[in-house]
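For reference, the structure discussed in these notes is given below.
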Amino acid sequence: MTNIRKTHPLMKIINSSFIDLPAPSNISSWWNFGSLLGICLIIQILTGLFLAMHYTSDTVTAFSSVTHICRDVNYGWLIRYLHANGASMFFICLFLHVGRGLYYGSYMFLETWNIGVLLLFAVMATAFMGYVLPWGQMSFWGATVITNLLSAIPYIGSDLVQWIWGGFSVDKATLTRFFAFHFILPFVIAALAGVHLLFLHETGSNNPSGLASDADKIPFHPYYTIKDILGVLILILVLTCLVLFSPDLLGDPDNYTPANPLNTPPHIKPEWYFLFAYAILRSIPNKLGGVLALVLSILILAFIPLLHTSKQRSMMFRPFSQCLFWILVADLLTLTWIGGQPVEHPFIIIGQLASILYFLLLLVIMPITSLFENNLLKW
């Protein structure tokens, strides 16, 4: 008798995706982050669902409903902090996942990569709207500042901002629609992740060497299921430690003050995972220029396959490109630090230099270095 997992219409999809999937024998722990992102998404959807049962999206009661969740709901504090810090874990995994793709040339799978970029935008939009919901000072002013950036769009800018706000300022209409979008988007993300996997399984996984691995495949289960479970356990351990020992480590103290349109916080800044893009935005004195740089800082990922000039796919055997990759990582960490600093000397000039270096590395220096490495192969 044929095994049910190979014949049942639903089971055979799961079987071909997670059990009998032929996988390269040499993929490292850097390939764990896809499954970790799936776990993060499940954690976020489940905790978010339970939070939505007690949350009210009204400007008068939003802040107190979050307080009510933390004080009066059974394990409400745990659900709330799992959700808040789960977002941070989500972005850590996302950045490492994208970094892995850049380093090992996974962007050569065009459909998979482009859907990944779309997923990154969707997750960032969801996180931004979620940050507005507790209706603290940083929620309100963050929403005001970021939505206001759209007014830089010529001709339709100011109308567009008022359309998004649902009025003449960030108010009840804005909060209600942000809650609605924040609730629906994770399901869109889950669907996109399914398509992401679908395209990945059309080509099969990349591997650290960047070479074809058709001659050396192993079944996904048990080898990589066990490997993924180890990653999941580490993720849950880190998240649990964060939630139980220092839940507010990555948050902003200003968000424990209820939103007040008459009182602007001294330093308006987004959550830590947006600081690198925020630093790029602030480093350009012109409003429209800043907005374009902000969008391009993420959208540039979609152009990476076009900028691939090397004869080799992976950076595994390209020492000069490796050095530049780690300079890029250091540059992004610098931008993240600058994004959290006040707009004053010397932070302004450091931010501007780091922003220029970011775009120069990706658009000019790395492609030219790859061409240079191609010539080294001839010697």
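These residue numbers are counts, starting from 1, taken along the chain as shown.
Every residue, even glycine, has its Cβ placed from backbone N, Cα and C.
Taken from Swiss-Prot, the feature transmembrane segment covers 33-53 (among others), and the record attributes it to similarity to another entry. Long-range contacts of the transmembrane segment (33-53) within its own chain (CB-CB distance under 8 A, at least 6 residues past either end) are made by residues 69, 79-80, 82-83, 86-87, 89-90, 93-94, 96-97, 100, 182-183, 186-187, 189-190, 193, 228, 231-232, 235, 239.
What Swiss-Prot lists as transmembrane segment is 77-98 (among others), and the listing cites similarity to another entry.
As annotated by Swiss-Prot, heme b b562 binding site applies to His83, His182. Under DSSP, His182 (heme b b562 binding site) is assigned to a helix (H, G or I) in the three-state scheme. Cβ neighbour count for His182 (heme b b562 binding site): 21 (other Cβ atoms within 10 Å of its Cβ, all protein chains included).
Feature annotation from Swiss-Prot assigns heme b b566 binding site to His97, His196; the stated evidence is similarity to another entry. In the three-state DSSP classification, His97 (heme b b566 binding site) falls within a helix. Counting only same-chain residues at least 6 apart in sequence, those with a Cβ under 8 Å from the Cβ of His97 (heme b b566 binding site) are Phe33, Gly34, Leu37.
Annotated transmembrane segment per Swiss-Prot: 113-133 (among others), in sequence order.
As annotated by Swiss-Prot, transmembrane segment applies to 178-198 (among others).
DSSP assigns His201 (ubiquinone binding site) to a helical segment in the three-state reduction. Sequence-distant neighbours of His201 (ubiquinone binding site): residues of the same chain at least 6 apart with a C-beta under 8 Å from its C-beta are Ser16, Ser17, Leu21. The ubiquinone binding site annotation in Swiss-Prot covers His201.
Positions annotated as transmembrane segment by Swiss-Prot, on the basis of similarity to another entry: 226-246 (among others).
Residues annotated as transmembrane segment in Swiss-Prot: 288-308 (among others). Sequence-remote contacts of a segment are chain residues at least 6 beyond its ends whose Cβ falls under 8 Å from one of its Cβ atoms, and for the transmembrane segment (288-308) they are 98, 102, 105, 107-108, 110, 113-114, 117, 120-121, 124, 149-150, 152-154, 276-278, 280-282, 355, 358-359, 362-363, 366-367, 370.
Residues annotated as transmembrane segment in Swiss-Prot, with similarity to another entry given as evidence: 320-340 (among others).
With a cut-off of 8 Å between Cβ atoms, the residues of this chain six or more beyond the transmembrane segment (347-367) that come close are 279-280, 282-284, 293, 296-297, 300, 304, 307-309, 321, 324-325, 327-328, 331-332, 334-335, 338-339, 341. Feature annotation from Swiss-Prot assigns transmembrane segment to 347-367 (among others); the stated evidence is similarity to another entry.
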Quickly jot the same-chain residues contacting the transmembrane segment (77-98) by Cβ under 8 Å, restricted to those at least six beyond its ends, or write none. 30, 33-34, 36-37, 40-41, 43-44, 47-48, 50-51, 66, 69-71, 116, 120, 123, 127, 130, 235, 238-239, 242-243, 247, 250-251, 271-273, 301
Residues satisfying Cβ distance under 8 Å from His83 (heme b b562 binding site), sequence separation of at least 6: Gln44, Thr47, Gly48, Leu51
If you measure between the CA atoms of His182 (heme b b562 binding site) and His196 (heme b b566 binding site) and round to the nearest Å, you get 21
